[in-house]
Amino acid sequence: MFQHTTVLLKEAVDGLNVRPDGVYVDCTLGGGGHSEYLLSRLSKRGKLFAFDQDETAILHASERLARYREQVQFINRNFRFLQEELSALGIHAVDGILFDLGVSSPQLDEPERGFSYQHDAPLDMRMDRKQRLTAAEIVNRWPYEELVRIFFRYGEEKFSKQVARKIEEVRRKRPIETTGELVEVIKAAIPAPARRSGGHPAKRIFQALRIAVNDELEAFREALEQAIELLAPGGRVSVITFHSLEDRICKETFKKASESPPLPPGLPVLPDDYRPVLKIITKKPVVPSAEELERNNRARSAKLRIAEKQ
């Protein structure tokens, strides 16, 4: 069953200042929780475009949102194609855009998807199952230097070199084909004292592989730039991140867009080109309440940032 506990539901959607007849985009449909709440705030004239590159997510969410079928349109593509897809539909400005960058719990919990170090399954990790690159391809074919780079950059794993070296050693004898096999390789590479602290020893490596397989950070960077461009004046963007790499991209993009470029001296009036594009609404990120964390432990690392188009 495709069930997913939505994180920061009201905070993210209410933060968009929803207008009943507005046009909105949910860039990360997932289980459909944010979309459902947003649609409940729209009139019959309102419209929601919901993106997800996972066909299964769209299938299940379309059932959940069946009563809103006149107001919602599903788009089965990565959100990095936000502008391209909306432009093809004749949409060039919107009133609000939402990103929830967490991996859907069902994707984590379906063993055959290969996202989780808790289950033994084929090394896959593709959000879009039509794409060719898998985690197995990276683990078995990418050179040592590339493995070190992604483990360190995307997983912030301090034992990146040791893990990459151990992978190289093992794959010379036989391919590493399952998540269980990879977990054993990681455990063998990380010193025992480090394995006993800081959560599961495979957590950071699995995060790094998932990000690399799906090109998550670059896709998000591109999509967020497009989202800012698409917003109508007064429109807002809500972004929920789950780790420091995504949060840094969001924070830096918002900061850059909310600053005026350096002004030439002696200008009597501030030209439009020199006005900030965004106003940051959340000076500090919004985090889940104690009550929400009690209901959903997976929300513990969530941060919400909101900005408004000037």
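Here the Cβ of each residue, glycine as well, is placed from N, Cα and C on the backbone.
The following features are taken from Swiss-Prot:
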BINDING   Gly32, Gly33, His34, Asp52, Phe79, Asp100, Gln107  S-adenosyl-L-methionine binding site
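Feature annotations (Swiss-Prot) mapped to structure.
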residue : record                               : DSSP class
Gly32   : S-adenosyl-L-methionine binding site : coil
Asp52   : S-adenosyl-L-methionine binding site : coil
Phe79   : S-adenosyl-L-methionine binding site : helix
Asp100  : S-adenosyl-L-methionine binding site : strand
For Phe79 (S-adenosyl-L-methionine binding site), the number of other Cβ atoms found within 10 Å of its own Cβ: 25
Under 8 Å Cβ to Cβ from Asp100 (S-adenosyl-L-methionine binding site), same chain, six or more residues apart: give me those in sequence order, or none if nothing qualifies. Thr6, Val7, Ala12, Thr28, Gly30, His34, Ile240
Indicate the candidate from Gly32, Gly33 with the smallest number of other Cβ atoms within 10 Å of its Cβ, considering only these binding-site residues. Gly33
Around Asp52 (S-adenosyl-L-methionine binding site), which residues of its chain at least 6 apart sit with Cβ under 8 Å of its Cβ? Thr28, Leu29, Gly30, Ile58, Ala61, Phe74, Ile75, Asn76
